[in-house]
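Read through the structure below, which is laid out as structure tokens, and then see the notes.
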Amino acid sequence: MNQSVTRPRPDAKALGKVGVLYGGRSAERDVSLMSGKGVHQALLSAGVDAHLFDTGERTLAELAAAGFDRVFIALHGRYGEDGTLQGALELLGLPYTGSGPMASSLSMDKIMTKRVWLQHGLRTPAFEVLDAQAELRTVPDRLGLPLILKPPHEGSTVGITKVAGYSDMKEGYAQAAKFDDEVLAEQFIAGRELTVAVLGTGAAAHALPVIEIVAPGGNYDYEHKYFSDETQYFCPADLPDAVAAEVADLAVRAYRALGCAGWGRIDFMLDADNRPWLLEANTSPGMTSHSLVPMAAKAIGMSYAELCVSIVSEAACKVHSPARNS
């Protein structure tokens with residue numbers, strides 16, 4: 001798990017004019033602003049001609065006219081991570097980092113992600129999809145308590161509630177329903193919280209060292225993700241070699257099952273029997289000072305700047321039109 005990733009060092013000048021797309025209009029805008037600024041500074045330090053572009057304040061027409069040769073997507077959540085932007089970039093013929101429209105859309109939808117994983121025989125907690133007509137009082141009878149309620153299309157723990165008792169179901173549902181028409185109710189897996197960064201595409205996709213996250217009181221919420229210095233991270237995680245290998249292998253299989261490309265992150269819970277359970281996929285992970293992908297890269301000797309350059313060097317359009325008859 002600790003072997004270095006060996007790849008040729010990209011020529012910064014050959015990358016051309018790079019746009020760092022950040023900000024946006026999702027509930028994760030503030031995180032994206034931090035990610036984008038970090039990526040921008042890292043690319044500049046590596047000699048890349050990089051420019052910030054806030055998709056929440058500027059138009060698609062302005063993006064098309066900006067003269068970028070490629071873009072680094074440092075957006076999180078809706079409109080930036082859900083396939084919407086990726087489809088627009090395909091139409092513009094502008095190479096971009098990360099997954100294509102389909103994989104981005106699937107991965108952003110936690111319900112569809114779990115359905116794909118189950119179809120591939122990959123372990124993920126039991127779940128139900130709730131709407132306004134759902135009989136909330138009966139859900140714990142099937143999924144057990146505690147359970148998790150979350151909006152299917154948000155990240156960074158936005159709108160998530162850990163429901164401890166029947167009386168908490170209504171409030172937890174209302175919190176998640178602020179963000180989505182449907183709510184994902186998920187079996188709670190007690191254990192250790194793990195995450196695995198994956199770099200590459202297809203057969204070349206490979207896992208970086210497993211990270212364990214230990215938040216105060218087990219509460220890895222928005223504050224503890226991005227601002228708290230109390231959260232502890234262990235990279236590589238202190239796991240038996242066989243368990244670490246299983247988690248890394250499952251991360252790559254989960255990533256490939258969704259058709260992810262370029263880079264991403266897969267989140268897990270590890271139960272008391274050392275069985276990993278897939279939680280969700282992130283196709284545009286955070287790149288802040290507290291973020292996990294840079295931490296995993298550092299563990300194999302890859303600096304933050306090297307990581308950013310490596311990711312943007314693989315920017316590409318993912319939808320290929322069939323050849324036209326002349």
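Each residue, glycine too, has its Cβ placed from N, Cα and C.
According to Swiss-Prot, the feature domain 'ATP-grasp' maps to 114-313, an assignment based on sequence analysis.
Cβ-based neighbour count (10 Å, all protein chains) for GLN175 (ATP binding site) stands at 17. In the three-state DSSP reading, GLN175 (ATP binding site) counts as helix. As annotated by Swiss-Prot, ATP binding site applies to 140-195.
Look at ASP267 (Mg(2+) 1 binding site): DSSP puts it in a strand. For ASP267 (Mg(2+) 1 binding site), applying a Cβ distance below 8 Å and a minimum sequence separation of six or more within one chain yields GLU193, LEU194, THR195, LEU278, LEU279, GLU280, ALA281, ASN282. The Mg(2+) 1 binding site feature in Swiss-Prot is assigned to ASP267, GLU280; the stated evidence is sequence analysis.
DSSP assigns ASN282 (Mg(2+) 2 binding site) to a strand segment in the three-state reduction. The Cβ neighbour count for ASN282 (Mg(2+) 2 binding site), using a 10 Å radius and every protein chain shown, is 24. Taken from Swiss-Prot, the feature Mg(2+) 2 binding site covers GLU280, ASN282, and the record attributes it to sequence analysis.
The number of other Cβ atoms within 10 Å of the Cβ belonging to GLU280 (Mg(2+) 1 binding site), over all protein chains shown, comes to 23. The DSSP secondary structure for GLU182 (ATP binding site) is coil.
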